[in-house]
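**Student:** Look at Swiss-Prot and you will find VAL20, GLY62, VAL63, GLY64, LYS65, THR66, GLU67, ASP280, GLU345, ARG417 tagged as ATP binding site.
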Amino acid sequence: MNELNKTPKEIVKELDQYIVGQQAAKKSVAVALRNRYRRLQLEENMQQDITPKNLLMIGPTGVGKTEIARRLAKIVNAPFVKVEATKFTEVGYVGRDVESMVRDLVENAIQIVEKQQYSRVYAQALKKANQRLVKVLVPGIKKEQKQAGGNQFEQMMNMFNMAQQQQEAQEEVTEDIRTNRRTILEQLEKGLLDNREVTIEIEEPKKTMPAMNNGLEQMGIDLNETLGALSPKKKIERTVTVKEAQELLVKEESAKIVNDADIHSEAIRLAESSGIIFIDEIDKITSKSQQNSGEVSREGVQRDILPIVEGSQVNTKYGPLQTDHILFIASGAFHLSKPSDLIPELQGRFPIRVELDDLTADDFVSILTEPNNALIKQYVALIGTENVSVIFTKEAIERLAHIAYDVNRDTDNIGARRLHTILERLLEDLLYEAPDMQMGEITITEAYVNEKLNDIVQNEDLSRYIL
């Protein structure tokens, strides 16, 4: 729970490492997150009455709406899911129902809890995995196996995963084999055998049937688990490096140690208390955006979303989940509509409104250079793998920023995503030729940027198709 104990200023500081500007939005999400921590410090009867203040982010595409929510979830290691409001259909029509967003959130929570539980038992699982691996690398002497002689009971026992126990009983281990196994175990623990190939037997991954499962999952029934319990676990052989084999076996042994029921109950609790659901393109399901359209009205989708945002119980295959304390963050450009076009009940469930600013040329300069793993740092690192060093001059970066701003202004405004298309166009030849170039240093100057991009920028029709 320590990750929740961050002050709003600390949260904003961490968001600043990845997102340029948008201080009002960062401040609002930081306060919403801190309020969760504050609620958990209160008495239990008061906790139940304090619900999250959901946010509505308003701003054009590419200004950081999704990234703010995604980074926020990573900062506190909270279950997070992003959905598009336009993907849902109201009850009675073919398509995804709105409750699927909650089920997706639980799946994400399962992954988080599973990772935490597996790391807790890692040392124990590694020890068991190494023991299995040593037996594969230094096999025992096989005894002569007695024929089953048509004994149906023995054959049935073999089907139900008894073959492993029989194999161990039919192996003879001499003193030399024990000595070799001790030696191999020492080498294994030191990582000296990591690149050696080995053939291991592991359980076959579960096959899922999503198309059949959706309806049953709404009733809290997991068809895959039901069918899996009826059929025996199959083993498959895989030839991998010792390092990869170790990872596969550790995962398998961890699953045996950890109790699935504990993972499921903890994941439900985590999703209920810390889950974040980001609903994108909520402006596309307003009545205003549906005018003169032949599509089914999306107002029904708004009414289906309403009880989930208000707080209701959703059945998942891991158990029922209450949505009362899940934080919902909705976003939309609202070019053709406005927030007041949402149904009044839904408007009231998003009391905090944050308008994100359009990006300026100065913002683009910052985006290219300041964040952790900024775009220019990414391209320099990629080309650096070919032993070619690339340096961007300050003037070149400023010119790139102004080009991105001008193209956004004169064509469609896609925000920071414009920088991706411009950099790809600028570095296209270099990315193609780099493997055949000798080691050296290349400086990207303002003149080089103009040479590569000016003709396209000046021709508005070309800009629309290429940039």
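Positions of Cβ are set from backbone N, Cα and C atoms, glycine also.
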**Student:** Quick check on the binding-site residues VAL20, VAL63: which one has the highest count of other Cβ atoms within 10 Å of its Cβ?
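**Tutor:** Most Cβ neighbours within 10 Å: VAL63.
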**Student:** Please state whether DSSP places VAL20 (ATP binding site) in a helix, a strand or coil.
**Tutor:** coil
**Student:** Return the residues near GLU345 (ATP binding site), defined as same-chain residues 6+ apart in sequence whose C-beta is under 8 angstroms from its C-beta, sorted by sequence, else 'none'.
**Tutor:** ARG303, LEU306
**Student:** Tally every other Cβ atom lying within 10 Å of the Cβ atom of GLU67 (ATP binding site).
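**Tutor:** Step by step: centre on the Cβ of GLU67 (ATP binding site), count other Cβ atoms within 10 Å, giving 16.
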**Student:** Looking only at VAL20, GLY62, VAL63, GLY64, LYS65, THR66, GLU67, ASP280, GLU345, ARG417, which the record lists for ATP, tell me the maximum pairwise CA distance in angstrom.
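**Tutor:** Maximum Cα-Cα distance: 34 Å.
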**Student:** As a test of the contact definition, list every same-chain residue at least 6 positions from LYS65 (ATP binding site) whose Cβ is closer than 8 Å to its Cβ.
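**Tutor:** In sequence order, the residues whose Cβ lies under 8 Å from that of LYS65 (ATP binding site) (at least 6 apart) are ALA25, MET57, GLY59, ASP280, SER331, LEU356.
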